[in-house]
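Taken straight from TrEMBL:
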type	residues	note
DOMAIN	8-73	domain 'TSEN34 N-terminal'
DOMAIN	195-276	domain 'tRNA intron endonuclease catalytic'
ACT_SITE	Y222	active site
ACT_SITE	H230	active site
ACT_SITE	K261	active site
Amino acid sequence: MATSKVFLYMQHDTVFCWNADDILYLRKELRIVGQLEGCLASLPRQLNLCGRPLRLMNEEAHFLLKNNYCELLSCSDLASPPTKQSADNFKEIQNRAFEEQRLLVKEEKMQQILRAGEKILEGKRRKLNKEAAKSGNEPPPLTLEQAVDEEIRRIPELTQANALVQIFTEHPVLDCEKLAPISWDYPSSENDKIRATVYGDLWAKGFYITGGEKFGGDFLVYPGDPVRFHAKYIAICLPFEGLLTPFQIAVHARVAVSVNKKVLLCTVNSDSRVIYKYLEWLDAKREKMSQETIK
């Protein structure tokens with residue numbers, strides 16, 4: 001669990017969080033959901049379950065920075081090809097990991113042989129007896145220690161081709177001295193300012209918020225963690241004096257009804273206060289726009 005500021009990293013105008021403890025802290029303590037985008041080493045070539053890094057929406061990152069929960073960093077090393085020293089350091093890490101793996105594999109094989117020592121001894125004696133019977137000689141004596149030592153000497157060495165490959169979820173040789181705080185000009189446009197303000201207000205009311213693009217909105221608003229709850233609202237951010245045509249209202253309302261949600265129209269007035277209105281059906285043929293208190 002994070003006890004100090006969470007470090008966020010800007011790469012190609014996108015904000016990421018790489019540390020697993022930080023990701024857990026953001027979700028459990030700050031209700032920041034984000035979107036996992038990394039490939040799981042145990043489940044490659046699929047998109048249903050993803051791992052680190054966590055990609056944050058601009059509104060999420062802005063909220064965290066504005067409230068001093070996080071620090072936004074950039075690293076020059078990540079924007080340029082690795083130096084020879086970085087490549088050598090990485091190779092050393094790989095070699096060290098391989099050597100540790102080689103010793104662990106050999107130790108595990110030895111333990112397996114020791115656990116099966118009696119069976120190994122029985123099998124070897126049976127083989128010696130058969131050979132002695134064919135030659136007419138007495139079988140040579142064989143102790144448990146001799147049988148086990150013989151099998152241990154036959155353990156093959158682990159090769160690089162058969163070793164497991166570690167997939168790093170954080171930069172293993174990142175030079176912390178090259179990490180530098182950066183300034184971010186988000187929100188810059190009027191629409192960005194409305195979205196950021198609406199996000200912060202919904203967060204303050206206790207909701208979990210994720211992106212709403214797949215339902216034609218700006219945000220999906222959840223009464224609890226999205227793992228346990230369905231979204232209650234499809235939030236659409238509008239300019240204070242913006243207009244929606246009847247066609248747009250019908251489109252948003254029909255989409256919301258088909259997925260059992262409400263359309264939440266959000267805007268910010270001249271006093272920077274967020275105003276909400278929602279759409280719901282009165283019957284099969286009529287819609288109504290009414291005021292609801294968002295609690």
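Using N, Cα and C of the backbone, Cβ positions are placed for all residues, glycine too.
TrEMBL entries are annotated by machine, without manual review.
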Cβ-Cβ distance under 8 Å, sequence separation of 6 or more, same chain as K261 (active site); the residues meeting this, in order, are F215, L220, H230, A231, K232, Y233, I234
Averaging the per-residue pLDDT over the domain 'tRNA intron endonuclease catalytic' (195-276), what integer do you get? 91
What's the number of neighbouring CB atoms sitting within 10 A of the CB on H230 (active site)? 12
Within the domain 'TSEN34 N-terminal' (8-73), residues counted as helix, strand or coil by DSSP: 20 helix, 23 strand, 23 coil
